[in-house]
Amino acid sequence: MTDRYAVIGNPVAHSKSPLIHQLFAAQTGQDMVYEKRLAPLEGFGVAVREFLAEGGKGLNVTVPFKAEAFVMVDVCSPRATQASAVNTIGIGVDGRLWGDNTDGIGLVRDLKDALGWLLCERRLLVLGAGGAACGILGPLLEEGPRELVVANRTPDRAEALAARFHSLGPVRGCGLHDLFGIGAFDLILNATSASLSNALPVLPLGLVASHTQCYDLAYGREPTEFQRWAWAQGAAGAEDGLGMLIEQAAFSFELWRGVRPDTAPVQAALRQKALEPKDSNA
Ligand code: ATR
């Protein structure tokens, strides 16, 4: 019987997850379908139960429900507990719901394996201190950076977030204005939601040297404002978050199906699709 999976969120219409998982399933010969489920803002739990009652085997959870999913599941992986957020739900052999978080490991996989960027002993800057930043700090610190600075428009949030991860490595939080004169970083990650509204955090000169790599967790058909900023500053590279999206999906797929898909051809297919006329990307 064909197994059913879905991504659940609000909004969810533009999610690329169904296409990604469909390509993974075709590549690995898995008998499954993957759909989008729009949950009402006040109705996440009900929507999850409905999908499972219909025979659904697993869910990806996206904005704004990852924290709610963390509370809802019966058992959580250490990664999800660290992030206080769940992006992958499955059903255990005992019938209990389990939750995991593949966002951070997906990012690290993209940075290290797909892009070949180094993290160990490097100086890292994470912009933003919301849910997206929270999901990546643990896996980034596990790579052994020399220093990880979390900078946020609202400094208190960055300080509080950094304090939660202190035990994992050299992390500290500050305001964006504290970045003046702090020097260049090896890697700058934009985990703010600014790109979603074509905005850019206010950043000082001097953060980017000629070897600096920049990465926006957001992605779109066009380069983000942050990527444009990075290129204008002379960065060595400026990538969007499509690779992270595909890698986190691959980890979810592996958790559900026990098979690891090859992500490179899927990323190539999605990049190619993005070049096609707009209405063919629906
Ligand atoms: P997400 O789950 O996408 O991280 P969030 O929890 O609402 O969403 O967090 C959004 C993050 O982007 C916050 O760090 C926010 O900064 P504040 O804490 O000061 O609100 C940041 N952000 C959003 N728009 C921004 C902008 N135009 N400039 C700088 N930071 C911005």
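The backbone N, Cα and C atoms fix where each Cβ goes, glycine too.
Pulled from TrEMBL:
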DOMAIN    7-89  domain 'Shikimate dehydrogenase substrate binding N-terminal'
BINDING   SER15, LYS16, SER17, THR62, ASN87, ASP103, TYR219, GLN248  shikimate binding site
ACT_SITE  LYS66  active site, proton acceptor
DOMAIN    121-195  domain 'Quinate/shikimate 5-dehydrogenase/glutamyl-tRNA reductase'
BINDING   GLY128, ALA129, GLY130, GLY131, ALA132, ASN152, ARG153, THR154, PRO155, ASP156, ARG157, LEU217, GLY241  NADP(+) binding site
DOMAIN    241-271  domain 'SDH C-terminal'
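Known features from TrEMBL, placed on the structure.
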residue	record	CB count, 10 Å
LYS16	shikimate binding site	17
SER17	shikimate binding site	22
LYS66	active site, proton acceptor	25
ASP103	shikimate binding site	30
GLY128	NADP(+) binding site	26
GLY130	NADP(+) binding site	14
ARG153	NADP(+) binding site	16
ARG157	NADP(+) binding site	18
TYR219	shikimate binding site	20
GLN248	shikimate binding site	26
Worksheet item: Hey, which bits of the same chain come close to the domain 'SDH C-terminal' (241-271), Cβ under 8 Å, at least six residues off its ends?
Response: 5, 16-17, 19-21, 23-24, 27-28, 30, 32, 57-58, 60, 87-88, 90, 100, 102-103, 105-107, 109-110, 114-115, 215-219
Fill in: Spatial separation of GLY128 (NADP(+) binding site) from ASN87 (shikimate binding site) - C-alpha basis, Å
19
Worksheet item: Taking every residue in the domain 'Shikimate dehydrogenase substrate binding N-terminal' (7-89), what is their average pLDDT?
Response: 97
Worksheet, complete the sentence: Looking only at the binding-site residues GLY130, ALA132, ARG153, TYR219 (shikimate binding site) has its closest CA neighbour at ALA132
Worksheet, complete the sentence: Simplified to three states, DSSP reports GLY241 (NADP(+) binding site) as coil
Worksheet, complete the sentence: Students should find that the Cα atoms of GLY128 (NADP(+) binding site) and GLN248 (shikimate binding site) sit apart, in Å rounded to an integer, by 20
Discussion item. For the binding-site residues listed here (SER15, THR62, ASN87), tell me which residue's CB has the most neighbouring CB atoms inside 10 Å.
Written reply: ASN87
Discussion item. By the count of other Cβ atoms within 10 Å, pick out the sparsest of the binding-site residues PRO155, GLY241.
Written reply: PRO155
Worksheet item: For ALA132 (NADP(+) binding site), which residues of its chain lie six or more apart in sequence with Cβ-Cβ distance below 8 Å?
Response: ASP103, ALA191, THR192, SER193, LEU217
Fill in: binding-site residues close to ligand 1 - of SER15, LYS16, ASP103, PRO155, GLN248, only those whose C-beta is under 6 Å away
none
Worksheet item: From the Cα of GLN248 (shikimate binding site) across to the Cα of LYS66 (active site, proton acceptor), what is the distance in angstrom?
Response: 14
Worksheet, complete the sentence: Students should find that the Cα atoms of PRO155 (NADP(+) binding site) and SER15 (shikimate binding site) sit apart, in Å rounded to an integer, by 31
